[in-house]
Structures are given as C-alpha cells and as structure tokens.
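Notes to accompany the following structure.
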Amino acid sequence: MSFTTCILVMIGGALGTLARYVVSVLSLPISRDLPWGTILINVTGSFIIGLFGTLTLAQGRFPVSENVRLFVMIGLCGGYTTFSSFSLQTLDLMRNGAVVRAMVNVCASVVLCVLAVALGHVVAAHWNGGAVQIAQVSIEEDG
C-alpha cells in the first residue's frame with residue numbers, strides 16, 4: 001500500500017461522495033414513498049463497478065493499471081454507493097410502520113444491484129470480444 005495509492009483512493013472517494021450527494025439531491029422529487037435516490041445510486045454504482053471491473057482487466061478491452069482500478073472501484077464506487085444509507089432508510093421505514101415498503105426497498109436494492117453488476121459485466125465482456133471472468137480489484141500490498 002503506497003502513499004500514491006492511498007491518495008488515489010482518497011480522491012476517488014471524495015469524488016464519489018460528491019456524486020452521491022448530487023444524485024441524492026436531484027432525486028428528492030421522486031423519493032416520497034421509497035428512497036429511490038439511494039436505490040438509483042447503488043444500482044448505477046453496481047453497474048459501473050461491473051462494467052469497469054471487466055473492461056479494465058489485463059485481458060479486457062481497456063486494461064489499466066491497478067492504481068486506476070483502485071481509484072475507480074474502491075475510491076469512486078466506494079464513495080458513491082451507500083449501504084449505510086440504505087440500511088438506515090430501511091430501518092426508518094420499519095420504525096414508521098411501513099414494513100412492506102421496507103421489504104420492497106431491501107428486495108429492490110439487492111436484486112437491482114446484483115442485476116446491475118451482472119449487466120455491467122455482460123456489456124463489458126461483449127465489448128471485450130467474449131466472456132471474461134470478472135475480477136475484483138486487488139488490495140494486496142504493492143510489494
């Protein structure tokens with residue numbers, strides 16, 4: 001773990017957090033019954049990590065350095081997506097007696113995010129010219 005890598009992840013996280021804030025504010029008008037902004041953020045973030053993670057593998061269409069993958073997948077996507085907000089909003093729905101809406105939020109978030117990662121991977125694998133195993137970003141020591 002180098003200083004440069006830490007800075008890249010930190011900058012990615014800051015940019016992802018800013019993007020999350022902007023999307024949250026812009027989605028307020030549609031978030032009356034369910035926290036659609038958080039769902040949108042988590043689904044789009046899941047798609048981005050699936051797409052980028054596959055396209056940028058060494059055998060992918062756009063291979064990039066591990067630092068770039070860390071910047072996007074850990075920093076940007078980590079700062080952008082928000083499991084803690086999802087959890088708090090689900091708890092608030094349950095506390096307010098909206099148990100069915102809370103369960104819809106849980107099911108919609110989980111199913112849509114997994115589908116978004118899969119879709120991102122499928123699109124990227126197609127662009128790569130065939131099936132490619134999706135790989136997580138390596139967070140091991142830089143050596």
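A Cβ is built for glycine as well, from the same backbone N, Cα and C atoms used for every other residue.
The transmembrane segment annotation in Swiss-Prot covers 6-26 (among others).
Per Swiss-Prot, transmembrane segment is recorded for 38-58 (among others).
The transmembrane segment annotation in Swiss-Prot covers 70-90 (among others). Outside the transmembrane segment (70-90) by six or more residues, the chain places 5, 8-20, 35, 38-39, 41-42, 44-46, 48-49, 52-53, 56, 102, 105-106, 109, 136-137, 139 with a CB less than 8 A from a CB of the stretch.
The annotation Na(+) binding site is assigned in Swiss-Prot to Gly78, Thr81 on the grounds of sequence analysis. A 10 Å cutoff on Cβ-Cβ distances gives Thr81 (Na(+) binding site) a total of 22 other Cβ atoms nearby, all chains included.
The transmembrane segment annotation in Swiss-Prot covers 103-123 (among others) and is backed by sequence analysis.
In sequence order, Val9, Gly12, Gly13, Gly16 constitute the residues six or more apart from Gly78 (Na(+) binding site) in its chain with CB-CB distances below 8 Å. Proximity of distant same-chain residues to the transmembrane segment (38-58), defined by a Cβ-Cβ separation under 8 Å and at least 6 residues beyond the stretch ends, is recorded for 16, 20, 23-24, 27, 64, 68-69, 72-73, 76-77, 80-83, 85-86, 89, 105, 108-109, 112-114, 116-121, 123-125, 127-128, 132-137.
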